[in-house]
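**Student:** Can you read through this structure? Questions will come right after.
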Amino acid sequence: MKRLRPSDKFFELLGYKPHHVQLAIHRSTAKRRVACLGRQSGKSEAASVEAVFELFARPGSQGWIIAPTYDQAEIIFGRVVEKVERLSEVFPTTEVQLQRRRLRLLVHHYDRPVNAPGAKRVATSEFRGKSADRPDNLRGATLDFVILDEAAMIPFSVWSEAIEPTLSVRDGWALIISTPKGLNWFYEFFLMGWRGGLKEGIPNSGINQTHPDFESFHAASWDVWPERREWYMERRLYIPDLEFRQEYGAEFVSHSNSVFSGLDMLILLPYERRGTRLVVEDYRPDHIYCIGADFGKNQDYSVFSVLDLDTGAIACLERMNGATWSDQVARLKALSEDYGHAYVVADTWGVGDAIAEELDAQGINYTPLPVKSSSVKEQLISNLALLMEKGQVAVPNDKTILDELRNFRYYRTASGNQVMRAYGRGHDDIVMSLALAYSQYEGKDGYKFELAEERPSKLKHEESVMSLVEDDFTDLELANRAFSA
């Protein structure tokens, strides 16, 4: 199937002014377009324009937007809906039907204006939002086009076994967009279409073998919006280097599964072992301390990290397992008293009310910081990683601590979601305890961590839209030619 390309006339009808990277994507006729762009660079907007163009320019076309989750798919789906409703006011030979809850959009095409006598429906174009976390639901369809959003987070098997076969009958096209996540299949597909020569941030660029069906596009966020470069460079000061390079620089980083890429900047301190405690320094009356408390149950360890807020160094770390709730709280109270009644930041999620009641009963000054979601965990860990890269994290020079930090990694779930956890059957109690403690630390550059509020999921509801407006375009074929290059 020959891919039609949208024209400037079509862009004008949408009120859309593509920047140079978006325009290159639209002008490409490759069957597999791979766009690796930084955040807020217009990937989703360009993808939505491509979908709308197909729905109008090729009556009867069938296409999907597929993302790691339905919430992510809904972003581009929603943009497509907005644009389709706008265009339906221009073309009286079309009728739009939206089923919001099912993420299903229909564009009915007629042989004359819909409200004209004898109007006959000649074709129906369909666009649907899909999630990659249920691959079996992607099988069996026959499609003209597919858009993959955040493709680097989707397992390759979902593409090869479920998605690509849907394009085989009609020789359909795929637009594969994402920020990079290491050197996975998205990286390999990107190299198959990259013809830009050697470029920093793209390993093996310049020596890669290309495929005639592929064309790739690459740009950091500041390449697209050069006037905002200063803002992006400022952001670099507040997020981990690895995250910045991937999310904004659109770099393919080979060691991206390691959460703490700044381990070489970690300050290691001599300590004295006293029972279950690793003591770097005893209490200093003129200093303020806080304790990050990660409680363990069953085979997990409980870890209490005492942070000197004046120096930014861990003064003491206590690690134990097999202790009852009462025993854990008793030890935490003793540790707090030994460091001037240091206040405690405690992860109370998943341990029930028993811990909170025990903390209250013991009169411990504590702030609950429940790590109740992957979002909260990621924010805490990212803050610790950022401080580490700045050389502002100091811990006892202990093999167990270093191994746990080194083995804390990014993983991809079967549904394509990225999670942080210990390697294999390892523990992450030390990591979480340190992250809780350092969430209270004001860095040497004045940076202070603040936990962002989680946004509630949007409610979905059934919605039906019918738009019939007459305009100069009265003939469907003429209308199609008007915005097809």
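In case you wondered, yes, glycine gets a Cβ from its N, Cα and C as well.
The ATP binding site feature in Swiss-Prot is assigned to GLN97, GLN99. Annotation comment: Swiss-Prot describes 145-150 as motif 'Walker B motif', evidence class similarity to another entry. Taken from Swiss-Prot, the feature active site, for ATPase activity applies to GLU150. If you look up Swiss-Prot, you'll see 256-438 marked as region 'Nuclease'. As annotated by Swiss-Prot, Mg(2+) 1 binding site applies to ASP294, ASP429, with the evidence given as experimental evidence. Annotation comment: Swiss-Prot describes ASP294, ASP347 as Mg(2+) 2 binding site, evidence class experimental evidence. The site 'Modulates nuclease activity' annotation in Swiss-Prot covers ASP300. According to Swiss-Prot, the feature site 'Possible stabilization of Magnesium 1' maps to ASP428.
Describe each of these features in terms of where it is and what it packs against.
**Tutor:** The number of other Cβ atoms within 10 Å of the Cβ belonging to GLN99 (ATP binding site), over all protein chains shown, comes to 14. In the three-state DSSP reading, GLN99 (ATP binding site) counts as strand.
The motif 'Walker B motif' (145-150) scores a mean pLDDT of 97 in the predicted structure.
GLU150 (active site, for ATPase activity) falls outside any helix or strand according to DSSP and counts as coil.
Secondary structure from DSSP puts ASP429 (Mg(2+) 1 binding site) in a helix. Counting every protein chain shown, the number of other Cβ atoms lying within 10 Å of the Cβ of ASP429 (Mg(2+) 1 binding site) is 22.
For ASP347 (Mg(2+) 2 binding site), other Cβ atoms within 10 Å of its Cβ number 24. DSSP assigns ASP347 (Mg(2+) 2 binding site) to a strand in the three-state reduction.
Secondary structure at ASP300 (site 'Modulates nuclease activity'), as computed by DSSP, is coil.
For ASP428 (site 'Possible stabilization of Magnesium 1'), the count of additional Cβ atoms within 10 Å of its Cβ stands at 23 [all protein chains shown].
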**Student:** Just checking, which of GLU150, ASP294, ASP300 (recorded positions) has the fewest C-beta atoms within 10 Å of its C-beta?
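**Tutor:** Lowest Cβ count within 10 Å among the recorded positions (GLU150, ASP294, ASP300) is ASP300.
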**Student:** What whole-number Å value do you get for the CA-CA distance of ASP294 (Mg(2+) 1 binding site) and GLN97 (ATP binding site)?
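**Tutor:** GLN97 (ATP binding site) has its Cα 52 Å from the Cα of ASP294 (Mg(2+) 1 binding site).
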**Student:** By Cβ distance under 8 Å, which residues at least 6 away from the ends of the motif 'Walker B motif' (145-150) in the same chain are close to it?
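**Tutor:** Same-chain residues near the motif 'Walker B motif' (145-150) but 6 or more away: 43-44, 47, 50-51, 54, 61-68, 72-73, 75-76, 159, 163, 166-167, 172-179, 416.
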**Student:** Should any of the recorded positions GLN97, GLN99, ASP347, ASP428 have a Cα within 10 Å of the Cα of GLU150 (active site, for ATPase activity), which are they?
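**Tutor:** Candidates kept after distance check: none.
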**Student:** Looking at the recorded positions listed here (ASP300, ASP428, ASP429), whose Cα lies nearest to that of ASP347 (Mg(2+) 2 binding site)?
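**Tutor:** So, of the listed recorded positions, the one sitting closest to ASP347 (Mg(2+) 2 binding site) is ASP429.
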**Student:** Run through GLN97, GLN99, ASP429 for me and report the binding-site residues whose CA is within 10 Å of the CA of ASP300 (site 'Modulates nuclease activity'), in sequence order.
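**Tutor:** Taking GLN97, GLN99, ASP429 one by one, the ones whose Cα falls within 10 Å of ASP300 (site 'Modulates nuclease activity') are ASP429.
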